[in-house]
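S.K.: The domain 'Palmitoyltransferase DHHC' annotation in TrEMBL covers 97-241. Sequence annotations record features per position, and here TrEMBL assigns transmembrane segment to 25-47, 53-73, 147-167, 200-226.
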């Protein structure tokens, strides 16, 4: 009944707009095609009114469809749960251990993260899923994972029906010669009188639905195993990444710290019950969580603050010398940059000459970083021309600049349009292909880089 209450309540009617997105449209189309074709092929292959087995098979198909849609719509409309706007911890001293969200004008509770798609801080955010056009988080994690389990099981059943239908219908219509194979689709099967004949169009539709079912089984099945793996450890996909970065930070700086993930309760069953309950609603308020006896409520948030500070320390400053219009796939920045544009929904930011950016990480063609705008930083992506020397630098910063510098995630690009303006001590440098032209060499000599 959760799905009905979420839709019927007047103030939640705007949630129906989530259906108007390419993700739900594709997902519901795949469900509709596989389900309808499986039911039609069941009528052709295993007439449900003739035998008990045929009736059970048909009823199971209907049950798969109902359960899949139930969990899918619950994951979409119940939602992950959001931290209230302008939220503050009850104990004001705890604010020093939390990150502040400039968009929501409040602090981020433990395990919460700001989603730039939902434009809210999400409780126990795992990821933003385009297929449900919503975040997967505290309240809908169980519905989402159950959907990931049921969809492959239903597709396996449907694929079996598709294969058996094509086999039984083509068995008497295929004749083999010495040098040829003949398929006669005009012949009719006399096992029963089906409502619809198995024509060439029916064969093509069944073959197409079989491809969808097998593809969905593999893709969604892999997602299910990824989700169940992190659930058994009482983690989210984001927290797995945070834990990996914590280990890398400790190993690099040789601090001697021991990072213990605070929400792993030590038992897989106890971790499992943090997501799946008999009522369907997870325990807790989405703000305070059961933690390991060796940790406290802010163990993870303190680690996040350390990683944020370290990220700023590793930033490299660039100055834009050529404008960019914010196109998703820029044709004028090179064929490799065009073909290797990040597969993400992040918007690209318009750049103008003279703006300052800070690169934090990246690949050969694209880099992530912060754009400085009116003393504020906007995170995003830009691409890197391959024959420019790349350095990983240390940018001087103060504690006040870290805690008071607002930032939000977006995306921007920068091709062969920048010059380097480092102004900090290098703690590590990695060089790729060196500049080759006189203009590049001059730009490199004029860059203010100190290696002491």
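Glycine too: its Cβ is placed from the backbone N, Cα and C atoms.
Can you tell me where each of these features sits in the structure?
M.R.: Residues of the same chain lying 6 or more positions beyond the ends of the transmembrane segment (147-167) and with a Cβ under 8 Å from any Cβ of it are 31, 34-35, 37-38, 41-42, 44-46, 57, 60-61, 64-65, 67-68, 71-72, 75, 198, 203, 206-207, 209-210, 212-214, 216-217, 220-221, 223-224, 227.
Long-range contacts of the transmembrane segment (200-226) within its own chain (CB-CB distance under 8 A, at least 6 residues past either end) are made by residues 30, 33-34, 37-38, 40-41, 44, 145, 148-149, 151-152, 155-156, 158-159, 162-163, 165-166, 169-170, 185, 237.
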S.K.: So what's the average pLDDT for the domain 'Palmitoyltransferase DHHC' (97-241)?
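M.R.: Averaged over the domain 'Palmitoyltransferase DHHC' (97-241), per-residue pLDDT gives 87.
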